[in-house]
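K.L.:
Pasting a structure below so you can have a look.
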Amino acid sequence: MASTLKISSIGSDETLDQSRLAPILEEQPTRVSVDEEAFGAPVETISPLGYHVDWISVIFLNVSRIIGVGVFVTPATILRGVGSVGISMIYWVIGFLFSAASLCVYLEYLCYYPQRSGGIVTYLEKAFPRPRLMAPFLYACLFCTLSTSSAACIVFAEYVLLALQYEITKWNVRGVALGLSTAMTMICILSTKWSLHFSNAIGMVKVLALVLIAITGLIVLCGGVPHVPNPGANFSQPFLGTSNNINGLVSALLKIRFSYVGWESVFSMVNEVKDPIPTLKKFAPLSLGVVFVLYMLVNVAYFATVPLEKIKSSNEMIANLFFETIFPSSPNSTNVALTVLQFLVALSSLGSVIAATISASRIIRESGRQGLLPYPQIWASTKPFNTPLAAYLLRWSVTSVLIVIPPPGDAFNFIVDLQYYPESIYAFLLVIGLFFVRRRRAAVGAPSVPFRAWTFVAVFALVVNLVIMIIPWVPPEGGIYAGDVSFFYATYCIAGLGVIALSCVIYYFWYVHFPRRGGYRIRQITEKLSDGAQTSKIVKVPVEALEEWDSAHVDDVEHLVGNEEGMRDRM
């Protein structure tokens, strides 16, 4: 009688005959291995999600994600922190350089893994192959549970209600926010093509709006608006009033960094770009450059129009002050320009929501394909609309919970802030991981790639991310209870570290403790779905069969060093 071997996978237990095991091993020889990079999701040489991401979508997915409410608010916050117009403008340049350096790191990863979507969760998988699956597992725990668009949805709701002159109540705001999240999710579920078209259209409107603000500012600067006195006054002594308060200067750096968040969105969809390396090499930097130029011109418009002291002393959005100055209204009339601004802020939030939803769905899908989520077939599947349905539903569920349950104020702000500190840690680790990938490639004589970040740029990105990790610990001006919550200002940093620690504990029990007690080890096999999608499935291999299993699943050197082109040619 043939002996039997029990191999269990998440969501199922199978008892296999030894005689039936051999063909299964032969069927999946290239994806599961004991080699250090053998774990992870398989390469989908033909994207089951299609190829809807063209160069226009590359530009406007990033642009729509980056340009949110910040451009209407942050310039005043930066000015208050640094004290002068000159330093404020320099900070916007620094923020651009921060993001450009990190973009170079992502472009190099893209050249190593051009057929893997997922962005950071994929690159962490490749950069830190040991402990096996730990780095992507920790990131997936954070992203799948805390990354949401709830804040942007609520901002949209508040400004739509303001523009329509409806009463702003807790449940009015929540209802509109939940409706926005649901509508955007449905659009994304039904069609990737049309959701990208929608995102592109909103991105174009955002760019046009900022261009009009910039042109208006230049007209003011040239003296074309008579009721704006001394339009160049704020630039006559640009460094007058520069602050020497370390708290304000450091806090402004953090806010500048957040103003550029979103440039990495398209990297989560690289396998849906027909020719990803040349397309992203050209148009991903272009998208960041477009945003940078618009940010600078809009800042010039604000500072040319609104007196410096008014910006510093007012609690209004700087965009509000700008529109009130350009289009003054009588006390008893409605300012149409301000209503237009409120709709524009709402539209900016809407664009950020749909761009973030599309991008996040690919990160969640890739986490599932890596075998990090239960029932990976569900996450990898593109049925019935050729979109990652399960990933969208998870994202919608988490966003809905955070819109409806936390009370406004401290609790909501704390939950929104919670994801940011761990994100900065993973961004720091990603840059370190790039040097590890380079070293492994050099050790096996891997061929050169079309793009390699200059080492000093990678080191700059590393230093920047280290600074971003340190800044949140600097007490705000006013003391340790003067943050955006009424309790200890760095609570979200401590809680973020707690999230990482808890994820480490879960990983230990899943990958180390339970396998030791159960007498098995975790391995992966590739499963091909009927829609063309592929996913890794976690299987539990008994210790006594481990040697046979591992010897039958030795990956090629190309997979070890990240050359997926060589793998593709043989698949």
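Heads up, the Cβ atoms here are built off N, Cα and C, so glycines get one too.
Residues or ranges marked as transmembrane segment in TrEMBL: 55-78, 90-112, 133-157, 177-196, 208-226, 246-263, 283-304, 340-364, 385-406, 418-437, 449-474, 486-511.
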K.L.:
Report, as numbers and ranges, every residue of the chain located at least six residues beyond the transmembrane segment (133-157) whose Cβ falls under 8 Å of a Cβ in that stretch; write 'none' if there are none.
P.N.:
39-40, 68-69, 120-122, 124-125, 127, 172-178, 180-181, 184, 345-346, 349-350, 352-353, 356-357, 360, 363-364, 367, 370-373, 394-395, 398-399, 402-403, 412, 415-416, 418-419, 422-423, 426, 429, 433, 499-500, 502-504, 506-507, 510-511
K.L.:
Among 55-78, 283-304, 340-364, 385-406, 449-474, point out the range having the most Cβ pairs under 8 angstroms from the transmembrane segment (418-437).
P.N.:
449-474
K.L.:
For the transmembrane segment (340-364), find every same-chain residue at least 6 residues outside the stretch whose CB is under 8 Å from a CB in it, and list them.
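P.N.:
Apart from its flanks, the transmembrane segment (340-364) reaches 61-62, 64-65, 67-69, 71-72, 117-121, 143-144, 147, 149, 152-153, 155-156, 159-160, 162-163, 180-181, 184-185, 187-188, 192, 195-196, 198-199, 202-203, 205-206, 209, 262, 265-266, 268-269, 317, 319-320, 323, 373, 379, 387-388, 390-392, 394-395.
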K.L.:
Is the transmembrane segment (208-226) packed against any residues at least 6 beyond its ends, judged by a Cβ distance under 8 Å, and which are they?
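P.N.:
Same-chain contacts beyond the flanks: 67, 71, 232, 294, 297-298, 300-302, 304-305, 319, 322, 326, 344, 347.
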K.L.:
Which residues of the chain, 6 or more past the ends of the transmembrane segment (449-474), have a CB below 8 A from one of its CBs?
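P.N.:
Residues 97-98, 101-102, 104-105, 107-108, 110-112, 246-247, 250-251, 253-254, 257, 277-278, 281, 420-421, 424-425, 427-428, 431-432, 434-435, 490, 492-493.
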K.L.:
For the transmembrane segment (55-78), which stretch among 177-196, 246-263, 486-511 has the most Cβ pairs under 8 A?
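P.N.:
By the under-8 Å Cβ criterion, the transmembrane segment (55-78) pairs most with 246-263.
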K.L.:
So which residues does the transmembrane segment (283-304) touch in its own chain, when a touch means Cβ under 8 Å and the partner is 6 or more beyond its ends?
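P.N.:
Sequence-distant neighbours of the transmembrane segment (283-304): 55, 58-63, 66-67, 71, 75-76, 85, 88-89, 92-93, 96, 99-100, 103, 106-107, 207, 210-211, 213-214, 216-218, 220-221, 228, 231-232, 234-235, 259-260, 263, 266-267, 311, 318-319, 321-322.
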